[in-house]
């Protein structure tokens, strides 16, 4: 009798537990989260280790499962982890088969509008503040490049997604790859099966770290220009900003930080509107004669990198397309997001330049009157500081995964202990990365130069060169002649612009570094 009673109570408890989990799952699903078991979360996370939160981009919460405390009980079977769009913990036993199986099972998909919002966040970030400076050195050709970069980045985004698919034995188009790294490895196989992935990893790490440096630079620049009467230099403001950012080294996940991402994005749109409104109020004084048809040969290549960097979003497009309810709408979504970005960026850059002409500064908000400059810049600094953890955490994840956690292929011992806690030397490496971003911001406090260098090096590579090269390599037998022409033209033009912008940006940075070292 006692056994029967215990059995009934156990069944009732299990039923209540399942119902409560279903209610919680439904609630999180309505909020945009996905409920998944450990294995499902792992399988999807393995699909793309590069789809991290960076550059004011994809609005997703990354939750990593934490090992049980020492002496605690192991998690029960069916334990639930919630994450947005399937990003989850990555145990060592993830498999490619699980990735393909889980990509379409039980995952709440996003609509084309939600996907478009994510892309918009990536290409309409705070780095558009440097676009008027690009018009200063490029004139009408700079405006043309804003349009040209939008067209090319939209096209390369589409062909990158095309590289994820192949035709099976039945003649059906199926998704056989899941990430940028998979595409790169497929192009280098069979002789160098991991070379392509390593190249993409290095490019992404460089872009993420440079993005962190830019956030520190822009924070110091904005604070210095907001309070010029204070006896605090731009370098000192950068040190203060880094001191605020040092706790990023202790981050385990981005759950808390990601809550502010939407608020920061909306605040940035409001700031852009305020800048445009101020410029429109001075429309009578616009200097149309200052917009040139010729270019500054020495500084215009830097402008190319600035423009390209403001459009980079390719690294997370494979994951985004895989999460869409209807992947066939991806092309349409890319069209309207890049058309909107092109129009908004072009208008913002032109209107701001017409207002201040030759006095246009690297960060356009520094041109605002002192009465409103301080308020606007403080909001921008807050956005920069809250955005810093996203690329920092992503860079740390890629570094730890490739150098310390890649099984037998890891170059160094695991930086995590058996209980899942970060070892002291692993924490030291994280702190060193924060300090490195500070040192770069101190010795090269030039927003435009750093942005131009990053756009010319990794931006052009990830958005122009690699997608067109991969498209030709994987699908050249099925391409029409005009696709081949476009791919070759983009590769050649992108290569020339990348090399030119990189050389000029590097020369400017070396000169700035020498000047700061002498001071």
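Glycine too: its Cβ is placed from the backbone N, Cα and C atoms.
Just so you know, TrEMBL annotations are computer predictions that nobody has curated.
Keep in mind the model is a prediction, meaning the values are calculated, not measured.
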According to TrEMBL, transmembrane segment applies to one of these ranges: 237-257, 300-320. Which one is it?
300-320
Are the transmembrane segment (141-165) and the transmembrane segment (332-354) near each other by the rule of at least 3 C-beta pairs under 8 angstroms (pairs 6 or more apart)?
yes
Mind checking which residues of the chain, 6+ beyond the ends of the transmembrane segment (484-503), have their Cβ under 8 Å from one of its Cβ atoms?
152, 155-156, 159, 301-302, 304-305, 308, 452-453, 455-457, 460-461, 463-465, 468-469, 471-472, 476
Do any residues, 6 or more residues outside the transmembrane segment (450-472), come within under 8 Å Cβ-to-Cβ of it, and if so which ones?
127, 130, 152-153, 156-157, 159-160, 162-163, 180, 183-184, 187, 200, 203-204, 206-207, 210-211, 213-214, 217, 301-312, 314-315, 440, 444, 479, 483-484, 486-488, 490-491, 493-495, 497-502, 504-506, 508-509
Determine whether the transmembrane segment (374-399) and the transmembrane segment (141-165) share at least three Cβ pairs under 8 Å, counting only pairs 6 or more apart in sequence.
no
